[in-house]
Amino acid sequence: MTNLSHPSEFVLLGFSSFGELQVLLCGPFLMLYLLAFMGNTVIIVTVTANTNVHTPMYFFPGNFSLLETLVTITTVPRMLSDLLVPCKVISFNGCMAQFYFYFSLGSTSFLILSDMALDHFVAICHPLRCGTLMSWDVYIQLAGASWAAPFLAMVPTVFFQAYVSYCHDNIINHFFCDNAPLLQLSCSDTSLQEFWDFVMALAFVLSSFLVTLISYGYIVTTVLRIPSASGHQKAFSTCGSHLTLVFIGYRSGTVFLHVRSGKEHSMEVNKTIALVTSVLTPFLNIFILTLCNETVKAVLQGQMQRLKGLYKAL
């Protein structure tokens with residue numbers, strides 16, 4: 001299939017290497033997806049509707065849960081449907097839209113994690129000035145910038161991706177329209193696009209990691225100066241859920257995928273990491289955001305008790 005300058009559609013290989021066994025993957029993946037979707041929805045509704053958590057402290061976790069929900073919606077439903085059909089076709093415009101939203105939302109999640117680190121830094125290192133330094137206006141500005149910057153920065157990338165020539169085939173060795181397999185199909189010079197991808201990796205992924213690392217460096221130094229053991233415990237319990245989210249987020253290998261040149265990726269490694277970040281990580285984050293946060297846990301338990309009371313009354 002040569003001279004496919006702008007194909008009208010792409011074929012997603014997905015997990016075709018499993019043959020007929022790929023149907024068996026649909027059940028476990030669907031269960032994880034539904035649990036992650038419902039869990040994050042419960043967290044969003046709890047943060048939005050309950051006055052006990054109408055504080056800036058829970059603003060960023062609510063944003064993070066929304067991001068997790070949107071990221072899974074971008075890729076997982078399509079992947080699940082493709083596991084059940086032999087022909088896995090996606091239109092060119094649909095592919096570009098999926099590519100745009102997946103990487104925009106993914107980059108936003110890294111920036112939100114760094115916002116949470118800054119929030120904890122101010123709360124622990126400058127508690128007396130916390131209300132002034134981290135007002136609602138500052139929270140909204142940080143969150144707005146974290147959402148807007150990746151969505152704007154991804155526009156040139158999608159423009160490059162949409163107008164390169166695809167003459168090596170229209171078959172994508174992935175379960176969604178990822179950057180690396182699309183670059184491998186191109187026969188145009190993609191050096192400018194790969195340079196822009198590298199710049200975005202520095203701007204969003206590595207910079208957010210450095211902000212988080214520096215913030216926690218100051219936090220640890222401040223906590224060690226606290227004389228009481230209860231003070232240590234309170235400080236680290238405040239940061240526990242966020243540290244776990246950071247560990248899972250950066251441990252997943254997304255930094256490697258963003259920084260390395262797109263055409264050098266191993267497709268199987270790429271596919272495995274994308275599967276973990278799309279299905280397993282959002283499921284684990286539900287427990288991190290609830291079980292590691294006593295206030296959210298207490299609110300959810302109160303809601304469960306209220307629902308039980310209403311059920312018994314009926």
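Heads up, the Cβ atoms here are built off N, Cα and C, so glycines get one too.
Where the annotation comes from TrEMBL, it is an automatic prediction and has not been curated.
Marked as domain 'G-protein coupled receptors family 1 profile' by TrEMBL: 39-289.
Residues annotated as transmembrane segment in TrEMBL: 21-45 (among others). Below 8 angstroms of C-beta separation, residues 14-15, 61-62, 65-66, 68-69, 72-73, 76-77, 79-80, 83-84, 279-280, 282-283, 285-286, 289-290, 296, 300 of the same chain, each at least six residues beyond the ends of the transmembrane segment (21-45), sit close to that stretch.
For 57-79 (among others), the entry in TrEMBL reads transmembrane segment.
Residues or ranges marked as transmembrane segment by TrEMBL: 99-118 (among others). Remote same-chain residues near the transmembrane segment (99-118) are listed as 60-61, 63-64, 67-68, 70-71, 74-75, 134, 142-143, 145-147, 149-151, 153-154, 157-158, 161, 176-179, 182, 200, 204-205, 207-209, 211-212, 215-216, 242, 245-246, 249, 254, 277 (criterion: CB distance under 8 Å, separation of at least six residues from the stretch ends).
Annotation comment: TrEMBL describes 138-160 (among others) as transmembrane segment.
What TrEMBL lists as transmembrane segment is 198-223 (among others).
What TrEMBL records for 235-253 (among others) is transmembrane segment.
Under the heading transmembrane segment, TrEMBL lists 273-296 (among others).
Residues 14, 29, 33, 36-37, 40-41, 43-44, 47-48, 90, 98, 101-102, 105-106, 108-109, 112-113, 115-116, 119, 123, 139, 143, 146, 175-176, 241, 245, 274, 277-279, 281-282, 285, 289, 293, 295-296 of the same chain lie 6+ residues outside the transmembrane segment (57-79) yet bring a C-beta within less than 8 angstroms of a C-beta in it. Tertiary neighbourhood of the transmembrane segment (138-160): same-chain residues 56, 59-60, 63, 96, 99-100, 103-108, 111-112, 115, 118-119, 179, 190, 192-193, 196-197, 200, 203-204, selected by CB-CB distance under 8 Å and a gap of 6+ residues from either end.
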